[in-house]
Amino acid sequence: MTFSEILDRVGSMGHFQFLHVAILGLPILNMANHNLLQIFTAATPVHHCRPPHNASTGPWVLPMGPNGKPERCLRFVHPPNASLPNDTQRAMEPCLDGWVYNSTKDSIVTEWDLVCNSNKLKEMAQSIFMAGILIGGLVLGDLSDRFGRRPILTCSYLLLAASGSGAAFSPTFPIYMVFRFLCGFGISGITLSTVILNVEWVPTRMRAIMSTALGYCYTFGQFILPGLAYAIPQWRWLQLTVSIPFFVFFLSSWWTPESIRWLVLSGKSSKALKILRRVAVFNGKKEEGERLSLEELKLNLQKEISLAKAKYTASDLFRIPMLRRMTFCLSLAWFATGFAYYSLAMGVEEFGVNLYILQIIFGGVDVPAKFITILSLSYLGRHTTQAAALLLAGGAILALTFVPLDLQTVRTVLAVFGKGCLSSSFSCLFLYTSELYPTVIRQTGMGVSNLWTRVGSMVSPLVKITGEVQPFIPNIIYGITALLGGSAALFLPETLNQPLPETIEDLENWSVTASGPISAPPWGSRSGPRAFP
């Protein structure tokens, strides 16, 4: 008897599972607010230099830029004066007295003057946030294996609530960045623990559906943020509003049960048995729960215990030629997806369309994108879906380079299409990666892959700074990287209707029997797609 069969005895899709998924899904619904928050809290309004304090009461003429609009970062040294020579009248200087912002909404940009020579700090703030997610994944993944999934989830909720609220009261920009780093750190812990706790408590046949449901929670969360930002124009109040709910999630997480597999593997089988019996009562199967015994639980999970005792590290991913090739291709695909995704997701204000409407459109495209992805994964396979998503996204981003800035509608359509393709890439990668790596090293492989997408999302905002040299450079870099990721996916094997490899030996047998390009694995077939191990 496997754990799935034990779960069937206590109720695999009862009231407990629906409540469990709902409690895990609500925080994910609100997590999109934090990931994309700087679209609104760091919005840059139209601005120009403030006239000198000793300027006369008459009009102060602003110099005009090459685009025919007033200069944002320069001003005339002298006010209009017919008695001055032309060269003197045209002399310009930086904005020594600050800026005037043409907006009724405030942001971190207007509060700390993150414009002109300081505009790089805005992109750095987003990179610092992504760095928090990256470091959090490295640290909390190990702590989760040591102390359990639920304690890490509970502490991550509290950390996100506290650091998010702290960011709202930050007196200076450096302190704000510290709190944003901690926000990213907490988000990483929430993501890791939620995925594990979600798939463990539902039957194998429902894992893909439940995982997709959590993905849609994040998608619909993107609709909430524009409404909140429109209703709350002050960035500090908006930051506080999206952070406070996590204090509630911190309290509700105490109801969430610990991972049964982790309890058994950690020598806490008696506690695991108590949780299973509690679930049985909740699902109306009290008698089945009472029949479960400690010996039966240990015996049925003996295979998983033995697999867990086989210790593998990240270095093993590069030891076997087949595993090394897969790791390289997957790492490039993950990096390209995170790198290009956040170039579009965080660049909403660059398209000259109403910020709130465009963010709703950007969030809305994920709905059909995820649905099309599910159909494509089921009928065309993982290999084709993954490669096509990244190649199409790369093409759309490169096309933006050749579309004039005044054709806003065309640029917006290309950006929305590219963002939908990258959303599909994310959905496919989570499933594809878990199916390619064998059970004994799957968690390590997923961790390394996730590391690369965080590196990509962290570097992505910094690449925008190259736009100061030439405006087209960032899109060239983003587009080519996505094309490289899609090309790498072409070298990955197909896993549709194939069983999950259990051990390293499975892959070694695969590499021995395969000649030339990677072929289908030789260890049989399975009935349908599976979202997680």
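A Cβ is built for glycine as well, from the same backbone N, Cα and C atoms used for every other residue.
So that you can see what the record holds, here are the features copied from TrEMBL:
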DOMAIN    83-497  domain 'Major facilitator superfamily (MFS) profile'
TRANSMEM  124-140  transmembrane segment
TRANSMEM  175-197  transmembrane segment
TRANSMEM  209-231  transmembrane segment
TRANSMEM  237-256  transmembrane segment
TRANSMEM  326-344  transmembrane segment
TRANSMEM  356-380  transmembrane segment
TRANSMEM  387-407  transmembrane segment
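Recorded stretches compared: 175-197, 209-231, 237-256, 326-344, 356-380; the one with the most Cβ pairs under 8 Å to the transmembrane segment (124-140) is 175-197. The transmembrane segment (387-407) shares the most Cβ pairs under 8 Å with 326-344, out of the stretches 175-197, 209-231, 237-256, 326-344, 356-380. The average pLDDT the prediction assigns to the domain 'Major facilitator superfamily (MFS) profile' (83-497) is 85.
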